[in-house]
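Below is one structure, written out as structure tokens, with a few remarks after it.
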Amino acid sequence: MNDKDHFSSPAHITVLLNEAVAGLALKEKGIYIDGTFGRGGHSRLILSRLADNGRLIAIDRDPRAIAEAKTIQDPRFHIEHRSFSDIPRICERLNLVGKVDGILLDLGVSSPQLDEAERGFSFMKDGPLDMRMDTTQGLSASEWLQQVSEQDLAWVLKTFGEERFAKRIAQAIVNYNKQALQHGTEPLSRTLQLAELIANAVPFKDKHKHPATRSFQAIRIFINAELDELESVLKSAVQVLAPQGRLAIISFHSLEDRMVKHFMRKQSKGEDIPKGLPLRDDQIQRTQTLKVIGKAIMPTEQEQQQNPRSRSAVLRVAEKL
């Protein structure tokens, strides 16, 4: 049995399991943060490689992930029901700022979240139109769609889903909910109901992709403020890490990956110094904070066959200077 089999469950195959943990360059006595515990695949593998005085802090905003984490009885392990954007505050409380040897983030929706119809993430299964990572906070997708304007919805679909038919889809959704309000009928409240409405609004179908794919992604990203969360943690990660500490991030769509790639490149190059200034090299204050480690890593063909949901995954790793 390999690590991927041992540290994944039938309900959730951890994507890029060995590659992500290898990217952290684990020290046996190190302090690590798994910012997206999920169902614990990465955390369990990290724990298996730490010495008795190693330490792992895991974070997740999904109550079901927290319940899963609480089954781990290990004095080296600590779970926080928070968002990963809270990493700096957690580290301040635990006196770990500048002491963390590695941070791992596995972005996106986990397989159990997609597979559990009642979570409302899937356009393939009928369930309540929820889409919240943390079901204890904020508006559900259904509630938000009942109050959003057509213009704002089109912007969300275009910006976060890169949906070419954003205006058509937004118009169809807002009109449906307006008519429901006028006639006293139920507004959009089920996943398959929304998926069908989107499919009917789209004039051209992609043979290889469900017409609701981009819209569901966009609504989910907006509802959960996913890109804001990512931007926030990127800004604070360098401060939290110890020198030579690693940042390993797995992203699943181009918006996330562009943000991660741009951040790591910018931090590894530092601020541009205008040419022609009368400064010696030793007078220039270097602003590089990270070193990019290797190239982006994608799942192997074998992993993609075993877990089709891994196809779009990209792992990027950087090290604090």
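Even glycines carry a Cβ here, placed using N, Cα and C.
Noted in Swiss-Prot for the protein shown:
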- GLY40, GLY41, HIS42, ASP60, PHE84, ASP106, GLN113: S-adenosyl-L-methionine binding site (BINDING)
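PHE84 (S-adenosyl-L-methionine binding site) has a Cβ environment of 26 other Cβ atoms inside 10 Å.
Secondary structure at ASP106 (S-adenosyl-L-methionine binding site), taken from DSSP and collapsed to helix, strand or coil, is strand. Counting every protein chain shown, the number of other Cβ atoms lying within 10 Å of the Cβ of GLY41 (S-adenosyl-L-methionine binding site) is 25. Within the same chain, residues at least 6 positions away in sequence whose Cβ sits under 8 Å from that of GLN113 (S-adenosyl-L-methionine binding site) are ASP62, ARG119, PHE121, MET133. Under DSSP, ASP60 (S-adenosyl-L-methionine binding site) is assigned to a strand (E or B) in the three-state scheme.
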